[in-house]
Amino acid sequence: MALCLGQVFSKDKTFRPRKRFEPGTQRFELYKKAQASLKSGLDLRKVVQLPEGENISDWVAVHVVDFFNRINLIYGTVSEYCSERTCPIMSGGLRYEYRWQDGGDYKKPTKLPALKYMNLLMDWIESLINNENIFPTRVGVPFPKNFQQVCKKILSRLFRVFVHVYIHHFDSICSMGAEAHINTCYKHYYYFISEFNLIDHSELEPLKEMTEKICN
C-alpha cells in the first residue's frame, strides 16, 4: 500500500535546507504563480510556458531553485540506501559514469562515490543560488550576462541525480509508493528544459526510454 507523500517526502529527509523566496518580491510572486499552476491540474507542457509579460530570467531562476529543492528532497529520500558500498561510483548503470570537477578542490574530473558526488553537487548549487551576483534578489539588480549558462550547468548536473535515482534506486522509490510523484517531478523538469532549450538533448540519453515512456 502506497504511503502518502507527506510521509515519504518529509522535511526531515531533505538533503539540504530548502532555498526560499522572500515574500513580497517578484520572484516570490512568480513562484506562487508556478505552484498554483502545478496544483491546478493543467498540462505540464503549458505550466512551464513563460507567463505573458514576465521576464524569462526571473522565470528560469524560480524554476532552477524549485527544481533544486525538489530534487534535493528526492535524493534525500533515498540517500540512506546510497552508500559507498552500494554506489561506489556516481553512475547511471554500466554505460554512464559522472566525475566531479568544480575548478576548486577538484580541478580535474574525479571519480567519486555517488553520495560524495551528491554532497559536492548540492553544496555547489547552493553556493550559486545564494550568490547575489548570480541570482540577484534585490529589485532592479540585473542578472549577469552568463546567467543562462550557469543555469544550464546546474540543470545538467541535476539531471544526473534523476539518472542515478531512476537506475540505481527506483526499487526503493517504488517500495515507498513515491513512483508517481517522482515521475511527475521529472516530467515537469523535462518539459521545462525542453521549452527553453536548457540542456543539449544528447545529455538526456541515459533516461531516453524512461522519458519516452512517461513524457510522451
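Cβ coordinates are placed from backbone N, Cα and C, and glycine is handled just like the others.
Model, not experiment: these values are computed from the prediction.
According to TrEMBL, the protein carries these features:
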- Cys82, Cys87, His164, His169: Zn(2+) binding site (BINDING)
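The residues near the Zn(2+) site, meaning same-chain residues not in Cys82, Cys87, His164, His169 whose C-beta sits within 8 angstroms of the mean position of the site's C-beta atoms, are Val78, Ser79, Tyr81, Thr86, Ala114, Leu115, Val165, His168, in sequence order. Considering only the binding-site residues His164, His169, the Cβ with the fewest other Cβ atoms within 10 Å is that of His169. Cβ neighbours of Cys87 (Zn(2+) binding site) (same chain, under 8 Å, six or more residues apart in sequence): Pro113, Ala114, Leu115, His164, His168. Around the Cβ of Cys82 (Zn(2+) binding site), 21 further Cβ atoms fall within 10 Å across all displayed protein chains.
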